[in-house]
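I have placed the structure first, in the form of structure tokens, so that the comments after it can refer back to it.
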Amino acid sequence: MTDTLAIAGGRVLTPDLDVVEADVLVDADAGEIIEVAPGLAADADETLDATDSLVLPGLVNAHCHAAMTLLRGYADDEPLEAWLREHVWPVEGELTPDDIRVGTELALVELIRSGVTAFADMYFAVDEVAAAVEEAGVRARLGHGVVTVGKDDEAARADLDESFDVAERLDGAADGRVRTAVMPHSLTTVSDELLAETAERARDADVPIHFHLNETTDEVTPVVDEHGVRPSEHAADLGLLTDSTFVAHGVHTDPSEFDVLAERGTSVVHCPASNMKLASGMAPVQAMLDAGVNVALGTDGAASNNDLDLFDELRDAAMIGKLAADDAAAVDAETALRMATEGGADALGFDSGRIEAGANADLAVVDLDAPHLTPEHDLVSHLVYAARGSDVRHTVCDGRVLMRDRDVLAFDEAAVRERAQEHAEALVARAEE
Ligand SMILES: CSC[C@H]1O[C@@H](n2cnc3c(O)ncnc32)[C@H](O)[C@@H]1O
Ligand SMILES: [Zn+2]
């Protein structure tokens with residue numbers, strides 16, 4: 001017999017971003033939405049109260065390095081290159097798989113508490129990341145991040161092989177909630193030879209590719225100097241851009257690159273907070289959307305954000321989108337919300353991001369009974385410009401309740417935080433020895 005869950009008594013955001021009074025009935029075994037209509041609670045096995053609340057699609061964080069929660073506040077106020085090379089990479093060299101497990105668990109608590117039901121993660125010790133994802137109950141696109149600069153041929157190849165081994169071994173884990181990708185770090189930190197090989201092997205294995213693209217001018221200039229073409233063109237020449245590829249940042253994407261991305265169906269993940277904090281620049285989000293590029297939203301890691309609340313990204317995306325376009329109408333609230341829902345789900349290849357029968361039952365329930373969400377003119381406006389992650393009351397993924405009334409069910413939150421503090425202190429002590 002089907003195990004059903006009804007999210008009942010509230011209002012629901014439709015795929016057209018209208019708000020209707022309805023319940024959402026979910027098949028908890030199949031993890032799918034069965035029906036959206038009034039009065040569905042009576043026959044359900046379990047009910048989640050949505051009184052005074054809005055049910056929306058679970059948010060999608062399409063670019064993250066989850067375990068970097070351990071480095072939150074460790075090195076602030078630096079530009080990307082110095083931040084990475086002088087601070088982050090030396091500490092990351094000391095990370096253990098256990099550190100990554102704990103840091104990822106902390107990230108998952110934060111993600112679930114702010115209504116995120118799916119995320120993409122590029123990092124190391126991906127078996128640990130996948131195990132934490134399985135325990136938490138969210139959906140994820142995971143990969144081993146490959147960096148070959150400073151490595152000899154044998155070590156560089158071993159890194160690449162590891163990324164394919166992870167992609168093959170972990171795909172479909174956690175009852176299918178874990179999917180994988182190969183994740184070369186960027187065009188300047190992986191050799192052209194291995195990038196081309198990545199593209200060829202990814203095509204043969206039918207696995208998506210994720211990398212950082214056009215984040216800073218330091219990443220653009222060497223590519224243009226060496227190859228005489230913009231980075232998107234070079235990535236396309238290497239075979240890296242397909243309709244399952246999603247690239248992070250895209251800040252310095254030139255108008256000449258928009259069609260290269262749009263024609264190949266490659267998604268760009270906008271990370272506005274990280275781009276502001278590292279002073280990387282303002283991504284031309286509205287222009288990319290106008291050119292037909294799918295744009296998603298991501299936090300990047302907690303060391304360059306410094307939290308994983310995607311509601312911050314929603315607001316930042318709308319705000320900086322206007323500045324970048326010099327147009328107050330650019331990246332309006334509906335556009336920003338679509339980036340965090342449908343846009344993110346499309347980028348990661350998940351059938352989520354919209355509330356309708358047959359879609360994945362990935363949902364967030366936002367409590368509207370708050371002064372900063374009063375009065376009610378436009379709830380989409382409130383979600384983007386006024387709401388916070390802490391307004392999320394329940395989080396549901398794959399038909400299962402992950403947070404009920406602000407209580408994250410899979411983890412003892414206090415214990416996760418205590419372990420994270422211990423691991424972060426020991427990690428930094430090792431790095432500074
Ligand atoms: C090889 S695993 C991922 C790698 O990326 C680093 N990282 C974190 N944030 C950023 C960013 O904004 N741009 C480029 N690289 C970033 C992270 O520290 C890991 O080393
Ligand atoms: Zn990143």
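A Cβ is built for glycine as well, from the same backbone N, Cα and C atoms used for every other residue.
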Residue from ASP16, ASP290, ASP300 that TrEMBL also lists as binding substrate with GLU92, HIS185, GLU215: ASP300
Recorded Zn(2+) site member, picked from HIS212, HIS394, HIS423, that accompanies HIS63, HIS65, ASP300 in TrEMBL: HIS212
Distance, GLU92 (substrate binding site) to HIS63 (Zn(2+) binding site) (CA atoms, angstrom): 18
Proximal residue to HIS185 (substrate binding site) among binding-site residues HIS65, HIS212, ASP300 (C-alpha distance): HIS212
Among HIS185, GLU215, ASP300, the binding-site residues whose C-beta sits under 6 Å from ligand 2: ASP300
Distance from GLU92 (substrate binding site) back to ASP300 (Zn(2+) binding site), taken between C-alpha atoms, in Å: 16
Cα-to-Cα gap, HIS212 (Zn(2+) binding site) vs GLU92 (substrate binding site), nearest whole Å: 18
